[in-house]
Amino acid sequence: MWLSLPLAFLVICIGTSIGSSNINIFNIISVIGNKLFSLPLIEGVGSNDVAIIWVVRFPRVLLAFMVGAALSVSGAVMQSVLKNPLASPYTLGVSSGASLGVGIYIVLGVSIPFIGNLALPFIGFLSGLLTVIMVILFANRVDKGMSNNTIILSGMVFSLFASAMLTTISALNTHKIEAITMWQMGSFNMRGWSYLLVGVPFFIVGVSIVLRYSREMDILTFGEEGAKAIGVETEKVKKHLLFSTAVLTGSAVALSGTIGFIDLIVPHLVRKIFGSNHKVVIPMCILLGGSFMVLTDLVARTIISPSELPVGAITAIIGAPFFGYLYFSKRSR
């Protein structure tokens, strides 16, 4: 377990090292030390290396790590709350809601003062979060106990409606389809420090809420009736956990577009390796989910270099067979 932290750091260094021009890992560590702690650069590190590492690659790799961690933690929470290994934070309609908001923004072509190129993730986050809030309010109105089936069906209703609206908007504005589709496929291209710094507060808030309820998630895994019997306020806990999932997934989707399956794969593997104690599961989802996303992004940007594939395409190629394996292994039990 403790090896995961240095391994995650190594993955970050490898992700920063490999590209159109490969850079020595020691040079990367030297540049990071220079920028963070004002340490002297080692011999042979030029200004070009510093620019490539600090301005282009390192912020992109850190953003990929944060998005992968956020989606993995969200997946672990949803699987625990809904007691279903196939559950996903996208079940709540975050992706569809964010895509609809971004689609409307692209079609209207308006600009938002003061936030510049962060307008797109800002709109994506707000619309995704609004969708989840509507799902929770609707589920609570229909079923005060907020049963798992009610949450799932409510999410499906809003998700399908948002998808239908986006399809209609795209059909009426065919000249904007490419821009909308490219955003939906997910990418970290041209994402610098500004994107990373915007996402960090949401990541910290979301993960803090999840860690606060790690014990309650352990109890919920064994059933809501038993949890209520020992004093757990299940409805309150579920609402807070769903809100944290909305914050984590909404910010991740807003910053990178829709990237699927990592929220399904990583929590499942973490539980297989480390067990089901959420005080261990959540930190390991952060480290392994972040590392997995960095490696996936590395493949996406180098496999057809100098062009790059959408990260969402790579995760789907890996994740779709894994989803099939999970589904059929669950049915065979």
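Think of each number as a place in line: the chain as shown, counted from 1.
Quick reminder: no glycine exception, Cβ is built from N, Cα and C everywhere.
TrEMBL does not curate its annotations; it predicts them automatically.
Look at TrEMBL and you will find 58-78 (among others) tagged as transmembrane segment. Panel annotation: around the transmembrane segment (58-78), residues 8, 12, 15-16, 28, 31-32, 87-89, 91-92, 188-189, 191-193, 195-196, 199-200, 203, 206-207, 210, 217, 241, 244-245, 248-249, 251-252, 255-256, 259, 262-264, 266-267, 270-271, 278, 281-282, 285-294, 296-297, 311 of the same chain, lying at least six beyond its termini, place a Cβ under 8 Å from a Cβ of the stretch.
Per TrEMBL, transmembrane segment is recorded for 90-112 (among others).
Per TrEMBL, the feature transmembrane segment maps to 118-139 (among others).
What TrEMBL lists as transmembrane segment is 151-172 (among others). A Cβ distance under 8 Å defines the sequence-distant neighbours of the transmembrane segment (151-172), meaning residues of its chain 6+ beyond its ends; these are 81-82, 87, 90-93, 95-97, 99-100, 103-104, 107, 131, 134-136, 138-139, 142, 180, 238, 242.
Residues annotated as transmembrane segment in TrEMBL: 192-211 (among others).
If you look up TrEMBL, you'll see 280-303 (among others) marked as transmembrane segment.
The transmembrane segment feature in TrEMBL is assigned to 309-328 (among others). For the transmembrane segment (309-328), the list of distant contacts is 64, 85-86, 182, 184-188, 256-262, 264-265, 268, 293, 296-297, 299-301, 303: same-chain residues at least six beyond its ends, Cβ to Cβ under 8 Å.
Beyond the ends of the transmembrane segment (118-139), by six or more residues, the same chain brings 92-102, 104-106, 111-112, 146, 150-151, 154-155, 157-159, 162, 183, 194-195, 198, 202, 239, 242-243, 245-247, 249-251, 253-255 to within a C-beta distance below 8 angstroms of the stretch.
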